[in-house]
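Enquirer: Checked TrEMBL, it gives:
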DOMAIN    8-124  domain 'Phosphotransferase system enzyme I N-terminal'
DOMAIN    154-222  domain 'PEP-utilising enzyme mobile'
ACT_SITE  H187  active site, tele-phosphohistidine intermediate
DOMAIN    248-518  domain 'PEP-utilising enzyme C-terminal'
BINDING   R286, R322, N434, D435, R445  phosphoenolpyruvate binding site
BINDING   E411, D435  Mg(2+) binding site
ACT_SITE  C482  active site, proton donor
Amino acid sequence: MLEVAVLSGIGVCAGVTGGPLLRIAAAPALPAPVPVDDVEAEVQRAVAALAEVVADLSRRADRAADETVAEVLRAEALMADDEELRDAVREHVEGGADAPHAVDAAFGAFREMFAEAGGYLAERVADLDDLRDRAVAVLLGLPMPGVPQPGFPYVLAARDLAPADTADLDPEQVLALVTEIGGPTSHTAILARALGLPAVVACPGVLGVAEHTLVLVDGSTGRVEVGVSAASVAAAGALAEAAIDDNAEPGRTADGHAVKLLANVGSVKNVPAADQAHAEGIGLFRTELLFLDRTSEPTRDEQIGAYRDVFRAMAGRRVVIRTLDAGADKPLPFLKQEGEPNPALGIRGLRVARQRPDVLTTQLAAIAAAADDCGADVWVMAPMVSTLTEATAFAAAVHEAGLPKAGVMIEVPAAALRAADLLRAVDFLSIGTNDLSQYTFAADRMCGDLAELLDPWQPALLQLIAICGAAGRDTGKPVGVCGEAAADPLLAPVLAGLGVSSLSMSPRALPGVRAALGRYSYAECRRLADLAVAAPDAAAARKLMG
Ligand code: PEP
Ligand code: MG
């Protein structure tokens with residue numbers, strides 16, 4: 001009988017799989033310092049190593065099959081191509097350090113600054129460590145550290161994953177990702193979702209597991225079983241196959257209660273994946289992703305082009321397009337927003353229209369022009385709505401632009417509590433559970449240390465969803481979920497039972513959610529929903545699903 005140990009982390013990309021565990025190649029060790037004779041030559045050696053790292057990352061970005069991966073790699077290359085970093089390296093060499101030690105010290109100082117800043121910057125610490133390791137490896141003439149290529153499928157374990165690692169990551173070989181640190185929004189989580197790999201982050205102890213041990217990873221529950229049998233691994237593989245071998249049936253419970261299964265997209269590039277997963281439409285088109293790197297406002301015509309591409313590709317189906325969700329974790333440079341003491345509580349989402357109503361008017365006009373004659377059923381919604389006044393004004397602006405369907409996102413507890421009121425002003429609601437968790441629990445969604453508060457199984461979050469679902473049932477208007485919670489197959493029956501009429505998610509999550517939903521009758525979903533809301537904590541709520 002095998003002794004199976006269980007490790008727990010945070011599941012960030014759903015799916016169950018298993019295989020032998022391998023760790024990412026170790027970082028190069030720094031040799032003993034050597035005296036520097038020619039300071040200028042040593043500085044140039046260090047600077048050339050940084051340049052080599054930048055060039056390598058840019059080459060990988062160009063080769064990356066996935067645009068999210070490419071963008072992340074380019075961002076990492078930008079971090080290494082930094083004047084302040086080169087100045088810091090020079091200072092350390094002038095202070096007597098050889099090139100590898102100067103590079104190490106310069107990155108070390110930035111690392112400390114980022115870690116102290118917390119939140120988003122703290123989650124970039126893994127990127128800095130990776131850049132340092134790469135530059136040091138170049139200087140020592142060692143191969144750059146990276147992902148193992150053993151020639152057989154395996155579960156990859158790492159302290160955290162740097163974007164550069166994932167460029168070498170072959171989804172045919174890597175079955176799942178498990179990292180010791182990281183949070184729900186760290187690059188590991190973002191990239192795992194983009195690649196559709198089951199992933200668990202913040203899983204202490206995973207680096208202590210001996211290489212080649214068989215493990216089972218559950219990217220929904222965050223559970224990692226260590227030392228399992230080959231038969232368990234094979235059974236998990238069969239389950240995953242069943243999920244992939246999906247039919248194109250619309251989403252519904254075992255007894256036929258419909259729950260539309262929709263895809264989240266950022267541009268037309270994501271539409272093929274949505275089609276492949278048989279999405280019934282788009283439940284969240286995040287328009288700001290098109291403009292994240294823009295320093296000038298996109299013109300009306302540019303916007304029409306980008307929106308029309310998606311609408312036309314989805315002819316005959318629903319597309320819920322969201323107006324720009326700028327601010328906080330998604331600053332748009334062209335808006336030139338002032339620094340705010342608490343950006344997540346500041347001018348973001350629809351609130352930007354208070355200062356720049358023209359941006360919203362232009363966008364709605366562009367959406368209306370793109371929607372004209374495109375064949376898709378275009379619905380428009382606003383992010384970060386808190387009050388009936390805001391919802392009413394937004395609906396009026398949408399109708400003024402000639403668009404028939406206006407909705408709002410529920411991301412703020414105030415809006416959830418008043419869902420019935422809001423549904424008098426708008427045609428539909430879409431619950432953004434990522435932000436709704438953040439604002440309900442006063443827990444920064446970028447903060448890995450608070451991840452258990454951001455767990456979508458938190459009964460308080462489910463209670464707010466229940467209020468929205470009840471308002472939807474009473475009025476007969478659609479209430480969807482488009483945050484990450486919608487991608488959790490275990491949660492799908494509970495959300496359906498709470499009154500949610502559509503689930504919108506990363507396309508890769510769709511087959512699992514469809515299969516899970518089909519296992520329960522609607523009456524069972526409602527019973528599970530009541531029990532989950534009444535549960536004392538997230539773990540107890542999740543346990544209801546066995
Ligand atoms: C959300 O907050 O749940 C959501 C879907 O919006 P975003 O993740 O883009 O903020
Ligand atoms: Mg949001």
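Cβ atoms are placed via backbone N, Cα and C, with glycine included.
Help me picture where these features are in the structure shown.
Expert: Counting every protein chain shown, 24 other Cβ atoms lie within 10 Å of the Cβ of R445 (phosphoenolpyruvate binding site). Look at R445 (phosphoenolpyruvate binding site): DSSP puts it in coil.
A sphere of 10 angstroms centred on the C-beta of D435 (phosphoenolpyruvate binding site) encloses 23 other C-beta atoms.
Spatially close to C482 (active site, proton donor) yet at least six residues away along the chain are L262, N264, G283, L284, V320, M409, S430, I431, G432, S504, M505, judged by Cβ distances under 8 angstroms. In the three-state DSSP assignment, the secondary structure recorded for C482 (active site, proton donor) is coil.
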Enquirer: Can you tell me the three-state DSSP label for D435 (phosphoenolpyruvate binding site)?
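Expert: Helix, per DSSP.
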Enquirer: Work out how many Å separate N434 (phosphoenolpyruvate binding site) and E411 (Mg(2+) binding site) at their Cα atoms, rounded off.
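Expert: A Cα-Cα distance of 8 Å.
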Enquirer: Given a 10 Å Cβ-Cβ cut-off, pick out the one of the binding-site residues R286, R322 that has the most other Cβ atoms nearby.
Expert: R322
Enquirer: Using CB under 6 Å from any atom of ligand 2, narrow the recorded positions R286, E411, C482 to the ones that qualify.
Expert: E411
Enquirer: Whole number in angstrom, please: the longest C-alpha to C-alpha distance across R286, R322, N434, D435, R445 for phosphoenolpyruvate.
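Expert: Maximum Cα-Cα distance: 20 Å.
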Enquirer: Mean pLDDT over the domain 'PEP-utilising enzyme C-terminal' (248-518): what is the value?
Expert: 93
